[in-house]
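Taking it in order: structure first as structure tokens, then the write-up.
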Amino acid sequence: MSKVGNGDAKNTLYCSFCGKSQHEVRKLIAGPTVFICDECVELCMDIIREENKSSLVKSRDGIPTPKEICKVLDDYVIGQNHAKKVLSVAVHNHYKRLNHQTKHSDVELAKSNILLIGPTGSGKTLLAQTLARILDVPFTMADATTLTEAGYVGEDVENIILKLLQAADYNVERAQRGIVYIDEIDKISRKSDNPSITRDVSGEGVQQALLKIMEGTVASVPPQGGRKHPQQEFLQVDTTNILFICGGAFSGLEKIISARGRSTSIGFAAQVLAPEDRRTGEIFRHVEPEDLLKYGLIPEFVGRLPVVATLEDLDENSLKKILTEPKNALVKQYQRLFEMENIELTFADEALGAVSRKAIERKTGARGLRSILESILLETMFDLPGLEGVEEVVISREVVEGTARPLYIYADRSDRAVESSASA
């Protein structure tokens, strides 16, 4: 412990690592002859997390086991255990196959691209983004809605490989071992049952264009984008070893699956189920290739996505966990924002339940949680920077429902001061 000056200053405690005083930090933890502040503890945790992440990637000759991959996914994604297992096994097998393909073998191992099917806000994109964090391979995400056939206004399919090449710093060898996630894949379904009616440049045409790069071909990729720089030299990228993960909400697919599985009996023996009796995620579990064909995917495209993983609807309990449990949980993010004003933000358990129910009513899944919290905390975040002495803000169920204002607890008072007992 260092001391400066006379009077009260000699009793001031300082962090032994960064030198900040006890008045400059939120917490100062004492040990035998040393002190450490909360900021240094958080910095140490970040260092440890980075080391754990690198040790995961380098384990078992560079191939993380499926359980190790799934364990890291658990830190960020709540639920969806089946989808996490499918992704973990597929990624593990993908790189195991690459590491052993140079060895002599009579059996050639083909790659297994993945199709993720799940309702809006169930975690498809988050699973792919989390994989990018934990794997030391080039990774890129593409939006299928922006893709068109070559020669039409929009992005060429080859632009996906260009983005992967950019993620690999134009290292062709690394890019050829990368992962591509194509989102909104359901939006390129065939627009008509009769393919000869009109030229479908953003639907079936894109599916046809994706076939070759997903199966494996040598793509000629212009470094600066082909349409604006037609005279440049092309880079040759072999897509045989690139793993493709496609995801989509497939709105309406549940009706096709239900119609296929519906009993054809009539009269008193017929079983009549209301649509709301079965949740979308439960119906998706029974998806078959024929259902995807009826939805508008062409047979060749379905054949190149042999692994299908379905995601469940998120119930109230799962949404509450999403709000609080992941490392980057929304509640933790807003609490961190309030900490910057030296204010503690507290959510009552009933308030979290009310937020979850609102998201379910809006049918936005986990994606809608942030907008709900933003609307709840808007007035508070607007007022707080100009208020003095506020120590804690408490959010109750009534606040979420719009019948009350947040509770403000002041440092110089033992009771809770409320801006207004109820909103007008």
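In case you wondered, yes, glycine gets a Cβ from its N, Cα and C as well.
Swiss-Prot has this to say about the protein:
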- 3-56: domain 'ClpX-type ZB' (DOMAIN)
- Cys15, Cys18, Cys37, Cys40: Zn(2+) binding site (BINDING)
- Pro119, Thr120, Gly121, Ser122, Gly123, Lys124, Thr125, Leu126: ATP binding site (BINDING)
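Counting in whole angstrom, Lys124 (ATP binding site) lies 41 from Cys18 (Zn(2+) binding site) by their C-alpha atoms.
Residue environment of Thr120 (ATP binding site) contains 16 other Cβ atoms, counted within 10 Å of its Cβ in all protein chains.
Shown in sequence order, Gly118, Ala249, Leu311, Gly365, Ala366, Arg367 are the same-chain residues outside Pro119, Thr120, Gly121, Ser122, Gly123, Lys124, Thr125, Leu126 whose Cβ sits within 8 Å of the Cβ centre of the ATP site. In sequence order, Ser16, Phe17, Gly19, Lys20, Val25, Leu28, Phe35, Ile36, Asp38, Glu39, Val41 are the residues of the same chain, not among Cys15, Cys18, Cys37, Cys40, whose CB sits within 8 A of the CB centroid for the Zn(2+) site. Among the binding-site residues listed (Cys15, Cys18, Cys37, Cys40), Cys40 has its Cα nearest to the Cα of Gly123 (ATP binding site).
The secondary structure of Cys37 (Zn(2+) binding site), as reduced to three states from DSSP, is extended strand. Proximity of Cys37 (Zn(2+) binding site) to non-local residues of its own chain (separation of 6 or more, Cβ distance below 8 Å) is seen for Cys15, Phe17, Cys18, Lys20, Val25, Arg26, Lys27, Leu28, Ile29, given in sequence order.
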